[in-house]
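Straight from TrEMBL, the features:
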type: TRANSMEM; residues: 42-61; note: transmembrane segment
type: TRANSMEM; residues: 68-90; note: transmembrane segment
type: TRANSMEM; residues: 96-115; note: transmembrane segment
type: TRANSMEM; residues: 141-158; note: transmembrane segment
type: TRANSMEM; residues: 189-206; note: transmembrane segment
type: TRANSMEM; residues: 212-232; note: transmembrane segment
type: TRANSMEM; residues: 244-261; note: transmembrane segment
Amino acid sequence: MNFILIALLIFIVSISMTMVGKGGGNFYVLILVFAQLSMQNAASTGQFILFTASIAALLVFNKNKTLIWPLAVLIGSLISVSAFLGGYFSHNFEGSTLKIVFSILLFISGIMMLIKVKEKNREQTNLKFGVWKFKFEEEDYFVNLLVAVPIIVLTGFGSGMVGVSGGSFLVPLMVLTCYLPMKYAVGTASSLIAVTALMGFMGHLLQGDVNFYYAVPLSVVTLIGGLIGSKFALKSKPKNLKRLFAYTNFLAAIIMIINALR
């Protein structure tokens, strides 16, 4: 695949996915696999360029006060360790196995993108065991840690292993278990995607599975795309885009499974 075409596709993905709180790592990996990179190289390179896109988005969302740092620190501390371990242990799996795992994650994330997420009432009179309360912008928020923590750890490990961001899981997680408005969930997800991508990349780096020939120039492309996409996110309603991305996730998963079984 021509490098200019690769860069163009990744640029489009970085803009589109940043708009809806997804890192786009699944599509980055898919594009890089079709560019003839091994699954390990595609995963590590995908996470490196994903990191740059999410950092750009983080700066924009933080400036506009849609990034909740207390929640980002809690989830980020858990997901960083699990993403690092996922990236590190990915070297022990066959490329075809990783492709199948990757395809399953694509299907699951596609389904989650189709789920209609409602912002629940944050008024709670009694704090139950395992529920953490915090305040942001004069509003009280509640996090069900018994539900959130296991999902966060599994998301981080799986994301780090196959080179995706986990944003498709993190955004619904924050809305369903933390009762966040969508704009805060998308903004906070940018910091978590950055942590997941960086730690997953570091795990791959220790195993030597990095193609810097692709990673460095494409990181510049995703940096610009992340800036553009995050600014669009602050102005747009991404409902139709989420539906579109869910269907493209299903298509990408089918293509990847076919590629793995050949």
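Glycine is no exception: its Cβ is also placed from the backbone N, Cα and C atoms.
Because TrEMBL annotations are produced automatically, they should be read as predictions rather than curated entries.
Between the transmembrane segment (212-232) and the transmembrane segment (42-61) there are at least 3 Cβ pairs closer than 8 Å, counting only pairs 6 or more residues apart in sequence, which means the two stretches are in contact. Looking at 42-61, 96-115, 141-158, 189-206, 244-261, the range that has the most CB pairs within less than 8 A of the transmembrane segment (68-90) turns out to be 189-206. Beyond the transmembrane segment (141-158), the same-chain residues lying 6 or more positions past its ends with a Cβ under 8 Å from any Cβ of the stretch are 68, 71, 74-75, 78-83, 85-86, 101, 105, 122, 124, 127, 129-135, 164, 166, 169-170, 173, 177-180, 196, 199.
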